[in-house]
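Okay, structure first, notes after.
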Ligand code: KG4
Ligand code: ZN
């Protein structure tokens with residue numbers, strides 16, 4: 001029988017300060033997430049310097065709470081994992097330095113986790129699925145289609161050539177006066193609107209390859225908003241939000257179809273279509289991707305809502321997976337604001353964002 005062991009995970013790469021203890025038998029023993037909504041609301045988006053200061057102010061108490069709730073002592077941890085990148089460097093420095101300090105004080109292995117790998121492996125924590133799988137990774141900083149072959153083994157099939165999809169949600173929310181955070185606000189407004197009342201483009205639809213583009217859609221929303229001379233009525237806001245969400249959904253479905261086709265052409269064995277990242281919490285998009293999976297005979301898997309956005313549990317789990325393979329990092333690990341999952345794709349693409 002396997003002995004269980006637990007890893008502490010620390011996430012500080014954007015605007016969530018989070019810590020979690022996860023065991024190798026997939027039990028989440030604690031997952032404390034503090035969102036810096038109030039700190040950034042005034043500015044309508046994440047301000048890096050404010051985010052870094054907020055992480056400094058809260059990280060000690062968040063880690064302490066996560067440890068107490070888990071019932072595990074520092075001395076009994078198998079390792080300490082912290083996000084090592086990509087993301088806002090100030091926050092990453094705070095979390096990874098604390099991770100190293102705890103590891104060093106308790107003579108435990110330190111694991112620097114790629115934030116994207118945290119999102120990518122979450123479904124192995126929640127649904128215990130096997131490799132390989134096709135992943136649609138949709139978050140505030142990224143929009144990628146990846147073929148996940150194993151821990152550390154990623155082939156990027158497509159990425160955004162401009163904005164990330166979550167970023168497009170956030171900017172659209174700002175244009176519509178829906179406030180911050182934008183994604184949930186747009187989804188809420190869209191539920192009250194009629195997407196057929198507003199025509200918006202579907203960028204990249206039908207184009208070869210699996211890349212994404214969202215800046216044209218954002219510009220179209222701005223143009224539509226500017227056409228209205230008076231103050232936007234709440235019905236207009238709802239209709240534009242619904243049209244935007246539908247355009248994003250159609251685009252994501254089209255690009256994901258392309259990736260499925262590519263795997264089929266290359267005769268690559270794959271049974272799963274996985275969605276992860278903050279935007280995976282959007283019910284309309286989630287349903288559209290689930291429908292696509294059903295249509296193509298794939299099993300749809302996505303984390304529960306509370307594990308779509310940034311959280312320490314995904315970092316702790318990636319730490320569990322890495323530790324099991326002996327993939328640990330030294331104290332000399334340097335945080336990376338850019339850190340592509342697929343190094344080869346990064347070298348071959350001028351438009352790579354990570
Ligand atoms: O994964 P995440 O928490 O952070 C990054 O790694 O970027 O994703 C945050 C992004 C934000 O842009 C947020 O607006 C978006 O996910 N988001 C949503 C929803 N909930 C969060 N977008 C659309 N619909 C939602 N319900
Ligand atoms: Zn994220």
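Note that Cβ sites are derived from N, Cα and C of the backbone, with glycine treated the same way.
It should be emphasised that the depicted structure is a prediction, and the values quoted were computed from it without experimental measurement.
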Check your understanding: Can you tell which of 291, 310, 329 TrEMBL lists as binding Fe cation with 115, 119?
Key -> 310
Review point. Can you tell which of 38, 269, 270, 282 TrEMBL lists as binding substrate with 137, 138, 139, 140, 141, 170, 183, 187?
Key: 282
Exercise for review: Counting other Cβ atoms within 10 Å, pick out the least crowded of the binding-site residues 139, 282.
Suggested key: 139
Check your understanding: Where ligand 2 binds, which of the binding-site residues 137, 139, 141, 183, 310 are close by, with Cβ under 6 Å?
Key -> 139, 310
Review point. For the binding-site residues 137, 141, 183, which residues place their CB under 6 A from an atom of ligand 1?
Key: 141, 183
Study note, to complete from the structure: Whole-number Å distance separating the Cα atoms of residue 310 (Fe cation binding site) and residue 139 (substrate binding site) is 9
Review point. Among the binding-site residues 141, 183, which residue has its Cβ surrounded by the fewest other Cβ atoms within 10 Å?
Key: 141
Review point. Taking just the CA atoms, what is the gap between residue 183 (substrate binding site) and residue 115 (Fe cation binding site) in Å?
Key: 20
Study note, to complete from the structure: Using a 10 Å radius on the Cβ of residue 115 (Fe cation binding site), the other Cβ atoms enclosed count 28
